[in-house]
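Record features, source TrEMBL:
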{"type": "MOD_RES", "residues": "35", "note": "N6-(pyridoxal phosphate)lysine"}
{"type": "ACT_SITE", "residues": "35", "note": "active site, proton acceptor"}
{"type": "BINDING", "residues": "130, 300", "note": "substrate binding site"}
{"type": "DOMAIN", "residues": "231-355", "note": "domain 'Alanine racemase C-terminal'"}
{"type": "ACT_SITE", "residues": "252", "note": "active site, proton acceptor"}
């Protein structure tokens, strides 16, 4: 028999979450962000659940080619653009939309012959300082691209660093607004702006982590009223139980010592499965309707929980590490990380079940 751990992907929740986003954005079109292999969920397996999207936004050419080979005929946006001039051949062949953030990319497009003109998203650096043209050069770049015969459409684009804050989009929005004149489509809203900053929606939004049922802020409470549903449940089983006395320790390094007699359980899940090794004692784990705290150091293949509040806990009982009953954001927050990372870090050795 295999280890009892598995990840369940709830395909119907993708479709539901997309409908929630639709309710927020009105007439704006939706890019469903599928980078990092759909945040660890597998593009191949989940894209059809999001087929009502207006387009898919991904990271690299391999993901784009996969979507085309799977049968998606709609728009595909390369969020970081292309990395080599020769990539334009693939962009042309598969009819992809590309972000542009550097002058060498402008030159490459200008000097390339395409079978059909391509669409480009021009990235503005509005303060995040990762990618994009500076405000002082942005208008010139936009108009240079719009004058190219091999460019069909130009869309204005930026990315918000603090869309989870009430005033977090004010400054970058003001910067790009000076270039919005109705001549070019606009796409600036990420997941946080999609939920909380409706004035940024314009023509397109880019919805990422909210489609996977997690919060852009990393705090589940911030989306508790949005009816977003978890798309991934990581589950396993208890494989051993022990009664320990006060003063006994648990796990590598004996990081936790029982202050009183306790009933503990060993769960078949560890950091080699993608569970965060740095999760501290107290990180919640769901068992039989109760949140049970993690105890001590997470091992490669196992972890230990306090089941004193679940006196009937026994070998074979199902444990949820995150998912439908335990928001991934709560686990991530306890571990000092974000839900995005936990999804993307799901290990290949964990069996995955796709549930309709």
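Every residue gets a Cβ built from N, Cα and C, even glycine.
Locations of recorded TrEMBL features on the structure.
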residue: 35; record: N6-(pyridoxal phosphate)lysine; Cβ within 10 Å: 18
residue: 130; record: substrate binding site; Cβ within 10 Å: 10
residue: 252; record: active site, proton acceptor; Cβ within 10 Å: 10
residue: 300; record: substrate binding site; Cβ within 10 Å: 12
> At the level of the C-alpha atoms, what whole-angstrom distance separates residue 130 (substrate binding site) and residue 35 (N6-(pyridoxal phosphate)lysine)?
Replying inline: 17
>> With helix taken as DSSP H, G or I, strand as E or B and everything else coil, how many residues of the domain 'Alanine racemase C-terminal' (231-355) land in each class?
In response: 19 helix, 46 strand, 60 coil
> Cα-Cα separation of residue 300 (substrate binding site) and residue 252 (active site, proton acceptor), in Å?
Replying inline: 11
> What's the CA-CA gap between residue 252 (active site, proton acceptor) and the residue listed as 'N6-(pyridoxal phosphate)lysine' in angstrom, rounded?
Replying inline: 36
> When DSSP states are folded down to helix, strand and coil, where does residue 130 (substrate binding site) land?
Replying inline: coil
>> Please report the three-state DSSP label of residue 35 (N6-(pyridoxal phosphate)lysine).
In response: helix
> If you average pLDDT over the domain 'Alanine racemase C-terminal' (231-355), what do you get?
Replying inline: 98
